[in-house]
Amino acid sequence: MAREELSTEIVNRGVEPSVPDAGSPTFSVRVRRRLPDFLQSVNLKYVRLGYHYLLSHGVYLATIPVIVLVCGAEVGSLSRDELWRKVWDEATYDLATVLAFLAVLAFTISVYIMSRPRPIYLIDFATYKPADELKVSKAEFIDLARKSGKFDEESLAFQSRLLAKSGIGDESYMPRCVFQPDANCATMKEGRAEASAAMFAALDELFDKCRVRPKDVGVLVVNCSLFNPTPSLSAMIVNHYKMRGNILSYNLGGMGCSAGVISIDLARDMLQASGAGLAVVVSTEAVSFTWYAGKRRSMLIPNAFFRAGAAAVLLSNRRRDFRRAKYQLEHVVRTHKGADDRAFRSVYQEEDEQRIKGLSISRDLVEVGGHALKTNITTLGPLVLPFSEQLLFFAGVLFRHLYPSKTSTPPPPAANGDTSAAAPYIPDFKRAFEHFCMHAASRDVLEHLQRNLGLRDADLEASRAALHRFGNTSSSSIWYELAYLEAKGRVRRGDRVWQLAFGSGFKYNSAVWRAVGRVRRPSRSPWLDCIDQYPARMDA
């Protein structure tokens, strides 16, 4: 492995209690993998895949200018008198010919319009704000965990260190059942109670905001990674709202934090295939089923980061909904690295040595996530980047592909310390998107994303704010970030929003939205009581 992909950390392990070194301070050096610099090693096949997506949709539009150019050249070579003579004097018409021509023209236009996929509109969305009694500060988290009697002091100290550098503030939400002493919180009763409270609150707000009856919904997609009861969560929603009998309902499980974008993609496909009209996507996670009460450190990590949350989204493919829609879906790009064993096991649910179930986070997560992200943005780039950025990016990739020996070892920096000449060209995604909603997994992950994508602090403000206020809410986190942007009043007509999420499998998924009109500040939002305190509050 390249030395550049490793980082070191000196850890103070305290005073040695045992002989022969009793009383002496001890230290250890911890080696960590950093997020790979994917822009140094872009795979050309994923660039080709992105251009294939672009050309397969643009080939029809590309033929129109050619036809216009050929016809224009032919007509332009004739004078006005010659053109008039060819049209009226030399040509003969009859009623049957004219009617046949009009019929063929009308049929062709009808087939073209009917064969085109209808645009997918996002009418509105709602995010769940739990009750204030579920707020847990970092200090209270450790205190309650200690009182529960489920952890030894070493495990508590490890979780405390994770919380200190997590980027999570003191007002995130957790179900209190996880702190109950000597009790198993991962029960079906607790899971159903937690999931129903989050989903129904988000859906009640969504139906009320959009003035839509539950019976009008034709497609329902629900995702929750770890809690998968029978009947399913989607069936719970159908039963609670008494939805219609022919609804197309789907329940996605085990797909991690990227399932929110996957659900949008599935809902889009079902709307286009069935013509159902309205679709609802619900993204949530049951924190009680991620809670781990053992000693293995890789399985204690989710305890410190995951928090309660949910989001409900209303989509439509009805053209009449254009006027009231907030956004239109432009692209969905999905990347799956499950064929690689390390990627597959990077986020893995299993039992530890004491047969306590939990979610294990591998040390390879950052590395395999970097490779998946590289694939995803390389495929997405040709679809969204301006032509000038695509040209410079593609030229750099092609040069490194044709002359690997000249780019394998970068030249030394210039005398003035400038290394820009040695670095590859990094596409400026700020020219493609006005707003970024990166999955708020942790502060370290966001810093890696910012550094490798060349983003500014302002570009990741929504992600950092969502992490600080609500924690990692899994698949719904990208919607808390979009709600932040709306509460700030920053989304204007024509703005493009990039939602990027990753999860177990290992998957990286992107969704691109374009604002149909100026998005007004919402009257209901989980941010309304604290939006004026951000971003300053994150630095407090």
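Backbone N, Cα and C define each Cβ position, glycine as well.
Pulled from TrEMBL:
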type     : residues : note
TRANSMEM : 53-75    : transmembrane segment
TRANSMEM : 95-114   : transmembrane segment
DOMAIN   : 112-400  : domain 'FAE'
ACT_SITE : CYS257   : active site
ACT_SITE : HIS336   : active site
DOMAIN   : 434-514  : domain 'Beta-ketoacyl-[acyl-carrier-protein] synthase III C-terminal'
ACT_SITE : HIS435   : active site
ACT_SITE : HIS439   : active site
ACT_SITE : HIS468   : active site
ACT_SITE : ASN472   : active site
Neighbourhood of CYS257 (active site) by C-beta distance under 8 A, where only residues 6 or more apart in the same chain count: SER225, HIS439, ALA441, ASN472, SER474, SER475, SER477, ALA501, PHE502, GLY503, SER504
Candidate with sparsest Cβ neighbourhood (10 Å radius) among HIS336, HIS435, the listed active-site residues: HIS336
HIS336 (active site) to HIS468 (active site) - Cα separation in whole Å: 29
Densest Cβ neighbourhood among HIS468, ASN472 (active-site residues), 10 Å radius: ASN472
The domain 'Beta-ketoacyl-[acyl-carrier-protein] synthase III C-terminal' (434-514), counted residue by residue under DSSP: helix, strand, coil: 39 helix, 21 strand, 21 coil
Mean of pLDDT values spanning the domain 'FAE' (112-400): 91
Other C-beta atoms that fall within 10 angstroms of the C-beta of HIS439 (active site): 30
Between HIS468 (active site) and HIS435 (active site): CA-CA distance (Å): 19
